[in-house]
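Remarks on the structure that follows.
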Amino acid sequence: MVVSFHRPTRVVVDLAAIKENIRAQQPYLAENQTIFAVVKANGYGHGVLAVAKAAKEAGATGFCVATLDEGIELRTAGFTEPIFILGPIDLSGLKWASKYQLSLPVTSLAYLEDLIAQAEQLSLSKDNHLLLHLAIDSGMGRIGFRENQSLQTAISLIEQQANLVWEGIFTHFATADEADRSYWQQQFSRFESVLASLPRQPKYVHVSNSATLLWQKPIGNVIRMGISMYGLNPSGEALQLPVALKPALSLVSALTQVKLVEKGEGIGYGKTYETKASEWIGTVPIGYADGFIRKFQGFSLLVDGYECEIVGRVCMDQLMIRLPKELPLGTEVVIIGKSKDKENSLQDLANYVDTIHYEIACLISARVPRVYVEES
């Protein structure tokens, strides 16, 4: 997708905030624990390479991504730290995982058997073996081993292969961001039982996400720090943060047209809004192709400290807002962020469309430029 630099709509990412958020959470780590920055999905929409660099400068010693291609992007950009791929890959990509030394998840015995068959067809050198992490389904119901016998068989198979290295084991908690700890405790106990059954401990045990670090009992020697690194509360608004975090992302644009529209005129597709009096209407160049979906009709953007309601349907590339008065072309419009004494947070947008702030950040499309500052 072409990045649209020649319009005023842009994401502004405060890299200093990301660094401060990481450092603020470091006191929660045990002596043997380290932070791996989760930068999947283009760094949760913030921009993967800039975020990874900032995280490394703040003390992260590795990275977690979702896909093989995301890992390759980091490697080809010059990052030499360990990189964990959290989702299973198409086995046709094994040669790239080997070449770039990207750690792969093994999610089942059948998947491992197919992986071994594929690996046998590759000429892997001693320095380009495959690094494997066994995924445990402790209660998420998504990926990973559930039966201990299959897990033990998988370990034995890996140990028999000269070109495979059992490097890690991991799971993922489903409810670490909730006040009720009962299911988290159940998953925790299951994973502890798995660890106790292992013939040896692999190099990496990674279990704890942002929510586990902040509210539960962080275990393992790697903390997968994701949403909290970006300054967002993992629980949304359910739990109070024990440490101050600063949101790193703002989304801003500007007025490209301002006009006085007479009473009774329709605004936007379907004429879903009709002016109630003579109204100043401003046009803003952002729409659902940028990830700002049509459900945001009625939400208020911030212009010069005023709350300005989106009137009419959000279009593919533009939307219209009702202004309190005539304002100059080029006046800044804040979609996410602060304008004088007002603020729209990612959580505010998420609440409006009944979702989570993760989704709002990740929805912002590649068409919107990411601009980086260090303001904190």
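Keep in mind that glycine also has a Cβ here, set from the backbone N, Cα and C atoms.
DSSP assigns Lys40 (N6-(pyridoxal phosphate)lysine) to a helix. Around Lys40 (N6-(pyridoxal phosphate)lysine), the same-chain residues six or more apart in sequence whose CB sits under 8 Å from its CB are Cys64, Val65, Ala66, Thr67, Glu70, Leu86, Gly226, listed in sequence order. The feature N6-(pyridoxal phosphate)lysine is assigned by TrEMBL to Lys40.
Marked as active site, proton acceptor by TrEMBL: Lys40 (among others).
Annotation note: Met316 (substrate binding site) sits in a coil segment as assigned by DSSP. A C-beta separation below 8 Å, combined with a sequence spacing of at least six in one chain, links Met316 (substrate binding site) to Gly287, Tyr288, Ala289. Feature annotation from TrEMBL assigns substrate binding site to Arg142, Met316.
What TrEMBL lists as domain 'Alanine racemase C-terminal' is 248-373. Within the model, the domain 'Alanine racemase C-terminal' (248-373) carries an average pLDDT of 98.
Residues or ranges marked as active site, proton acceptor by TrEMBL: Tyr269 (among others). In the three-state DSSP reading, Tyr269 (active site, proton acceptor) counts as helix. Less than 8 angstroms from the CB of Tyr269 (active site, proton acceptor) sit Gly312, Arg313, Cys315, each of them six or more residues away in the same chain.
DSSP assigns Arg142 (substrate binding site) to coil in the three-state reduction, outside any helix or strand. Proximity of Arg142 (substrate binding site) to non-local residues of its own chain (separation of 6 or more, Cβ distance below 8 Å) is seen for His172, given in sequence order.
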